[in-house]
There are 6 protein chains.
Amino acid sequence: MFHHSSKLQYEVRVDKPNPVFAKMLQQAIGGVEGEIRVAMQYFFQAMGARGDDKYRDLLIATATEELSHIEFLGHAVALNLEGAPLSMQEEAAKDPVVNAILGGMNPRHILSSGLSAMPVNSNGVPFDMSHIYATGNIGADMLANATAEAGGRVLASRLYNMTDDGGMKDMLSFLIARDTMHQQQWLAVIEELGGLEKSLPIPNSTPEDHEATEHSYYFLNTLLDKEAPKGRWTEGPSLDGKAEFSVREKPEPQGQEPSLGKARKGSGAQKEQM
Amino acid sequence: MFHHSSKLQYEVRVDKPNPVFAKMLQQAIGGVEGEIRVAMQYFFQAMGARGDDKYRDLLIATATEELSHIEFLGHAVALNLEGAPLSMQEEAAKDPVVNAILGGMNPRHILSSGLSAMPVNSNGVPFDMSHIYATGNIGADMLANATAEAGGRVLASRLYNMTDDGGMKDMLSFLIARDTMHQQQWLAVIEELGGLEKSLPIPNSTPEDHEATEHSYYFLNTLLDKEAPKGRWTEGPSLDGKAEFSVREKPEPQGQEPSLGKARKGSGAQKEQM
Amino acid sequence: MFHHSSKLQYEVRVDKPNPVFAKMLQQAIGGVEGEIRVAMQYFFQAMGARGDDKYRDLLIATATEELSHIEFLGHAVALNLEGAPLSMQEEAAKDPVVNAILGGMNPRHILSSGLSAMPVNSNGVPFDMSHIYATGNIGADMLANATAEAGGRVLASRLYNMTDDGGMKDMLSFLIARDTMHQQQWLAVIEELGGLEKSLPIPNSTPEDHEATEHSYYFLNTLLDKEAPKGRWTEGPSLDGKAEFSVREKPEPQGQEPSLGKARKGSGAQKEQM
Amino acid sequence: MFHHSSKLQYEVRVDKPNPVFAKMLQQAIGGVEGEIRVAMQYFFQAMGARGDDKYRDLLIATATEELSHIEFLGHAVALNLEGAPLSMQEEAAKDPVVNAILGGMNPRHILSSGLSAMPVNSNGVPFDMSHIYATGNIGADMLANATAEAGGRVLASRLYNMTDDGGMKDMLSFLIARDTMHQQQWLAVIEELGGLEKSLPIPNSTPEDHEATEHSYYFLNTLLDKEAPKGRWTEGPSLDGKAEFSVREKPEPQGQEPSLGKARKGSGAQKEQM
Amino acid sequence: MFHHSSKLQYEVRVDKPNPVFAKMLQQAIGGVEGEIRVAMQYFFQAMGARGDDKYRDLLIATATEELSHIEFLGHAVALNLEGAPLSMQEEAAKDPVVNAILGGMNPRHILSSGLSAMPVNSNGVPFDMSHIYATGNIGADMLANATAEAGGRVLASRLYNMTDDGGMKDMLSFLIARDTMHQQQWLAVIEELGGLEKSLPIPNSTPEDHEATEHSYYFLNTLLDKEAPKGRWTEGPSLDGKAEFSVREKPEPQGQEPSLGKARKGSGAQKEQM
Amino acid sequence: MFHHSSKLQYEVRVDKPNPVFAKMLQQAIGGVEGEIRVAMQYFFQAMGARGDDKYRDLLIATATEELSHIEFLGHAVALNLEGAPLSMQEEAAKDPVVNAILGGMNPRHILSSGLSAMPVNSNGVPFDMSHIYATGNIGADMLANATAEAGGRVLASRLYNMTDDGGMKDMLSFLIARDTMHQQQWLAVIEELGGLEKSLPIPNSTPEDHEATEHSYYFLNTLLDKEAPKGRWTEGPSLDGKAEFSVREKPEPQGQEPSLGKARKGSGAQKEQM
């Protein structure tokens with residue numbers, strides 16, 4: 001069960017409101033790299049967690065923190081929208097700065113939300129929940145979470161570079177820090193479960209006779225005019241410790257030419273296909 | 001530039017067509033765990049690859065392989081739809097098996113595609129390209145790719161368990177094998193670039209003074225009635241080797257109570273808010 | 001800031017797991033009538049609340065409760081998926097009940113989530129955040145909230161009728177009860193702010209000279225072959241107390257015939273349009 | 001059956017075309033507050049109307065009017081796009097006003113529609129029909145309709161404030177007026193059906209023994225550090241006249257700790273979860 | 001301006017209600033081949049029509065007819081849902097036919113719409129307006145319309161084959177007929193404007209020096225192991241009468257190897273990319 | 001099976017990078033008129049092709065070419081983003097040109113992709129695969145393909161007009177040329193199969209007794225105040241050679257007034273509807 005206390009997790013200060021930066025901040029709320037995504041992803045993973053219950057606790061605790069991130073970011077968006085222009089009066093239209101703000105901000109911050117945050121990204125596209133990755137496999141889920149936090153920290157760093165507002169930089173430096181921790185905590189679960197060697201291939205419970213293992217450890221070079229790019233993936237032991245990596249150059253098709261024959265009567269095709 | 005040869009990468013055989021399994025196979029084509037996603041994800045990452053060009057080659061080569069996976073899966077869907085019922089004639093309606101097939105298959109396999117594959121998942125929801133993760137950061141992208149392949153192998157294993165068709169099991173065992181390789185090749189890039197210690201936190205180029213590092217290494221326990229779940233993430237050196245993990249129990253808010261004051265005149269609020 | 005305690009807001013018991021009912025329950029999580037929607041809607045309204053802060057408190061408190069509803073519904077879905085069939089073995093395929101379950105359940109409950117809840121509706125369509133209505137106008141928002149709770153209680157009542165599982169009926173009777181309260185609490189805000197007479201038309205802050213009031217109080221009967229349906233909306237004082245309702249039968253167009261003339265050179269039209 | 005006459009319902013005049021305002025006007029066509037939504041919502045409610053047929057007539061008549069609103073708004077968008085820049089010639093690029101227009105307008109008004117209206121909102125996001133709320137319950141539907149019209153009038157008022165074009169202000173004052181009527185006509189249906197007291201809780205046909213009525217009339221205060229916000233919803237008779245409102249402070253969970261146990265064999269989880 | 005008369009354009013009769021067929025019929029309402037699509041596509045094309053006004057009249061007249069098709073199809077869906085099961089009572093659960101209906105119908109027809117039509121396709125996916133093709137180019141638009149009607153008639157024919165209900169077959173035979181007319185009327189516009197020879201390439205207003213015409217008339221054979229498929233497109237005069245078709249076998253890339261070099265400082269990449 | 005060679009199909013040169021043009025170019029990658037759409041549409045049509053195999057070869061060969069178009073367009077976007085502003089430093093904010101760029105470019109080109117292409121359109125809306133039209137009917141599919149290429153050439157022509165960059169004009173003139181060929185090659189298939197007379201109505205395999213042919217050849221004039229627009233579609237032989245076109249003026253409804261009666265008990269309606 002959830003509870004709420006009335007103050008924000010972190011102080012939000014906007015020294016100089018900027019409606020165009022408000023639009024950009026939306027990416028951190030409603031973008032695929034944003035906080036709604038991680039809050040909901042960890043929440044749904046927690047609800048489907050099987051095995052040791054401590055991982056469910058880890059997930060729900062962090063989901064709860066991410067909800068608090070949405071909350072302070074939402075406040076930051078609203079503060080950046082203070083004083084945004086509500087009209088295109090002729091005087092304003094002659095001022096190129098006002099013009100650029102009106103053109104560059106999200107018009108729905110005026111028209112739809114009344115100068116506050118929305119669950120959309122920086123293009124105004126609403127977040128959709130197909131991005132909640134929760135497979136029921138803890139290995140796949142921990143990688144998905146580390147990915148989400150990596151994307152999140154990349155975004156927060158770019159937003160930090162974008163603004164020169166002291167308050168916003170301070171808030172973003174906190175987000176950058178928490179994303180540092182979260183990246184590592186999910187990868188730490190994999191380490192605790194035996195590291196990559198024991199975890200891979202995910203799922204590690206797939207019986208070996210379900211896998212055509214002769215195809216499991218070569219890099220397939222589909223490039224017609226270049227040798228395979230060489231690296232850790234082309235030689236040496238595989239990361240799961242079960243085989244050696246190799247390369248298959250200029251692969252030939254192993255299958256048949258696909259042909260479906262005539263269309264069936266009554267299937268809605270043209271006569272000429274039948 | 002792309003080229004095509006006329007045979008499939010892998011042989012597709014369906015011993016006993018099953019329209020309900022055709023619906024399930026769609027998840028491997030148009031699901032978030034599916035082949036359109038990885039083909040397009042690696043393709044867009046390749047187009048945005050900066051730094052050593054060999055990683056671009058690695059990405060585009062694998063994107064090309066994934067296109068071939070779409071192709072043989074598409075053929076498998078069509079073969080599973082051979083003989084699917086095209087009508088609800090009264091005789092059929094009394095046969096519970098025919099009824100169950102008609103109810104359980106994707107009706108659009110009859111109505112929209114004429115008994116062939118579609119770029120949708122097993123619920124009939126079309127794939128959308130918001131799932132193409134390509135950040136321009138090679139660390140974030142490699143994690144995203146390993147995630148996609150982990151999800152893909154989880155899915156292929158579940159499909160393998162679902163069917164008892166020998167041909168389908170054979171094809172899926174090939175997919176399971178290639179997903180094994182792909183999971184590892186992306187993680188091998190991270191290993192080649194110095195492993196987690198050098199790569200984390202992603203992006204590793206964020207200047208340290210952009211980060212409130214006092215918040216970077218503690219687990220925040222937002223659970224009111226439980227201690228923090230203990231594990232690799234609560235003590236010991238951080239995965240990036242820069243600090244020690246710790247725990248912050250029962251955290252208090254550090255910010256203000258958010259209050260936006262009165263609504264502005266002309267902003268479309270109710271009078272009582274002004 | 002949010003916090004969490006480890007038990008569910010309400011006891012969840014499933015006497016006889018039913019994967020088809022699990023699919024239906026998803027509507028209460030990820031449907032437009034569901035709990036993600038109300039949790040997020042009240043949360044975003046709270047973040048944009050202007051005027052008396054007590055309404056923000058009301059909103060955030062109820063958002064927090066709705067998060068707890070997601071949580072116990074998610075558990076109910078997982079419990080209904082206990083024992084769901086993981087394969088289409090031939091023996092099973094001959095059993096029409098197993099067949100009907102396999103056809104009637106959401107295949108992604110097996111393939112994608114590993115037998116747990118997802119943020120999707122009963123068709124498997126992911127929830128998308130365009131449904132979070134938060135206008136910054138407290139009147140519009142309270143109506144939106146009452147609407148959401150009305151839809152929610154309609155849904156919960158239909159789910160109650162659908163199941164004959166005692167545990168599920170008990171849980172749904174709790175949801176029905178909370179939706180009763182929530183419907184009324186949002187309408188109570190309107191009553192507290194002076195009721196419909198003072199609140200309408202929303203926004204009540206629009207200056208009267210922005211409105212062509214001669215068009216504000218008649219019902220327009222666009223039906224060619226019927227008189228206007230008579231009722232409270234065709235005569236008597238308007239709900240805002242400012243005028244009398246009337247009817248305009250067989251309305252004639254008041255505008256011009258729209259004509260855009262020739263296409264511009266360089267605009268990509270056909271020559272014949274220029 | 002529908003019919004059409006060649007003139008617009010209301011005169012459209014644009015004194016000074018403005019492509020950025022054209023983008024904003026799109027919200028009134030393809031936004032969730034827009035005319036496609038209400039036209040289609042009333043249309044689908046009419047098609048599902050059960051009970052007294054006069055409500056079906058009311059719905060279809062107003063759906064028909066809203067189609068005419070789409071039509072004149074579409075014309076207004078096209079007129080605002082007259083003269084929009086079709087190129088980024090170097091001369092133009094130096095003019096900050098042209099630049100701001102090019103950056104601030106919807107590029108698809110040039111690239112995709114050839115200077116005319118599209119069924120998208122002011123962010124260019126296409127309208128999607130998941131927003132058509134039609135539950136088959138007249139109470140829920142009337143609230144949904146009043147909500148839609150409240151949102152519509154908020155939007156029209158904001159657009160009115162945004163423009164200083166006399167023609168556009170005139171057209172918007174008509175829209176504001178019709179939204180005034182439509183808000184009231186839907187709420188008038190509820191009044192005619194006995195008002196809130198008889199209509200609530202929606203659905204009013206849910207048998208009382210389907211509801212855990214001991215949970216139906218208290219406000220749940222999930223705030224840890226504040227008392228419940230006091231108001232019409234915390235004391236006095238409930239709006240349905242059946243009980244007294246009360247408050248439950250600092251609620252404790254009533255349910256169990258959710259735990260799903262081990263993952264099943266063959267379910268695609270990691271070995272460590274089994 | 002639109003008007004409505006109270007009867008349906010065509011008689012709807014359902015001899016034997018079938019909730020699974022109701023689900024399938026939804027494709028004709030809310031599918032990409034359905035009536036909402038054509039109604040709205042012709043409507044938006046009409047609003048953007050430039051050149052001879054008679055084409056605008058043609059478009060709006062047919063848009064109006066399509067609205068009437070939505071209306072009678074919506075009624076057909078509701079009639080097919082008469083008597084649909086509202087519960088999973090244990091007796092019912094043992095009856096495989098009831099089970100198959102419950103599994104095979106759209107659960108939202110019960111849960112969300114109360115046994116009436118919805119603006120969704122046969123998978124329950126809502127129609128989205130990105131499918132409204134209206135380019136402002138009459139040639140492109142007429143092809144798009146003929147495409148939509150071809151898809152529509154394919155769908156109607158498949159639905160006709162699917163059902164054995166006399167009333168439904170009668171209604172669908174009317175739809176098939178109207179789609180016959182509509183396919184031809186749009187292609188007739190192209191014929192009237194001079195046929196393919198004058199209309200192609202679309203847009204026919206693109207100045208010839210904007211086109212690298214040496215690349216305009218050869219078929220590019222990207223197949224590595226097969227000659228180009230021969231046909232009308234590989235030899236003989238081009239359809240626009242301007243050149244001869246030819247074939248380019250085994251094409252070589254004409255461009256450079258793409259390389260983006262190092263990532264910029266401050267762009268959020270990994271250090272190793274800089 | 002697919003293969004790749006390392007150079008681009010066509011040379012890409014950007015003389016003067018322009019981030020706003022990068023945004024516009026996205027329409028040609030991820031728009032409904034763009035290259036992902038045609039690549040995937042031809043690919044899925046190929047996978048479902050029934051009848052003469054040469055059409056499958058034609059489709060897959062062209063799908064492969066379109067993949068190469070995505071590739072060079074993606075490179076063009078990245079090159080246009082070279083030097084895009086990564087911050088809103090105060091100096092910059094005063095420069096209206098920088099301001100206009102920041103407001104007019106897609107912010108996700110900085111925040112999400114790190115200055116490279118994305119699978120989105122010029123509004124930043126991700127491409128979704130519902131736009132892949134592949135019906136299994138070769139007539140419908142060829143029209144859909146010609147439509148897609150017509151839209152594509154309209155778009156490419158508009159982009160050509162928009163830019164004054166010599167490199168971009170050169171690349172677009174190649175795209176314009178290839179779209180010329182592709183429009184014609186799909187229509188040439190229809191010609192080869194007997195032209196419109198033999199192909200129409202699509203599907204030409206629908207038995208005549210499935211069609212109410214008395215409704216197949218008249219134009220329905222739903223306009224109340226105007227005669228039917230006269231043209232090729234109102235008189236003369238129909239395009240399929242089977243009948244004469246005619247007009248039906250002022251059509252009367254042929255169906256009943258739709259009425260659904262009372263709502264069922266237990267269906268979630270209001271009492272007043274029962």
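Positions of Cβ are set from backbone N, Cα and C atoms, glycine also.
Taken from TrEMBL, the feature Mn(2+) 1 binding site covers B:Glu35, B:His69, B:Glu149, B:His182. Using a 10 Å Cβ-Cβ cutoff, B:His182 (Mn(2+) 1 binding site) registers 27 neighbours. The secondary structure of B:His182 (Mn(2+) 1 binding site), as reduced to three states from DSSP, is helical.
Note on B:Asp57 (Ca(2+) binding site): other Cβ atoms within 10 Å of its Cβ, all shown chains, come to 22. Annotation source TrEMBL lists Ca(2+) binding site at B:Asp57, B:Asn221.
The Mn(2+) 2 binding site feature in TrEMBL is assigned to B:Glu66. DSSP assigns B:Glu66 (Mn(2+) 2 binding site) to a helical segment in the three-state reduction.
In the region 'Disordered' (B:229-274), helix, strand and coil residues by DSSP number 3 helix, 6 strand, 37 coil. Taken from TrEMBL, the feature region 'Disordered' applies to B:229-274.
Annotated compositional bias 'Basic and acidic residues' per TrEMBL: B:241-252, in sequence order.
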Notebook entry, point to check: Using a Cβ-Cβ cut-off below 8 Å, which of the binding-site residues B:Asp57, B:His182, B:Asn221 are near chain A?
Noted result: B:Asp57, B:Asn221
Margin query: What does the structure give for the C-alpha distance between B:His182 (Mn(2+) 1 binding site) and B:Asn221 (Ca(2+) binding site)? Integer Å is fine.
Written below: 35
Check: What's the CA-CA gap between B:Glu66 (Mn(2+) 2 binding site) and B:Glu149 (Mn(2+) 1 binding site) in angstrom, rounded?
Finding: 11
Next item on the list: Identify all same-chain residues not among B:Glu35, B:His69, B:Glu149, B:His182 whose C-beta atom falls within 8 angstroms of the centroid of the Mn(2+) 1 site's C-beta atoms; report them in sequence order.
Entry: B:Val38, B:Ala39, B:Thr62, B:Glu65, B:Glu66, B:Ala148, B:Gly152, B:Leu175, B:Arg178, B:Asp179
Margin query: Nearest by CA distance to B:Asn221 (Ca(2+) binding site): which of the binding-site residues is it, out of B:Glu35, B:His69, B:Glu149?
Written below: B:Glu149
Notebook entry, point to check: What number of additional C-beta atoms lies within 10 angstroms of the C-beta atom of B:Glu149 (Mn(2+) 1 binding site)?
Noted result: 27
Check: What number of additional C-beta atoms lies within 10 angstroms of the C-beta atom of B:Glu66 (Mn(2+) 2 binding site)?
Finding: 25
Note to self: What's the number of neighbouring CB atoms sitting within 10 A of the CB on B:Glu35 (Mn(2+) 1 binding site)?
What the structure shows: 25
Check: Looking only at Cβ atoms, how many others are within 10 Å of the one on B:His69 (Mn(2+) 1 binding site)?
Finding: 26
Checklist line | Spatial separation of B:Asp57 (Ca(2+) binding site) from B:Glu149 (Mn(2+) 1 binding site) - C-alpha basis, Å | finding: 18
Margin query: At a 10 Å cut-off from the C-beta of B:Asn221 (Ca(2+) binding site), count the other C-beta atoms across all protein chains.
Written below: 24
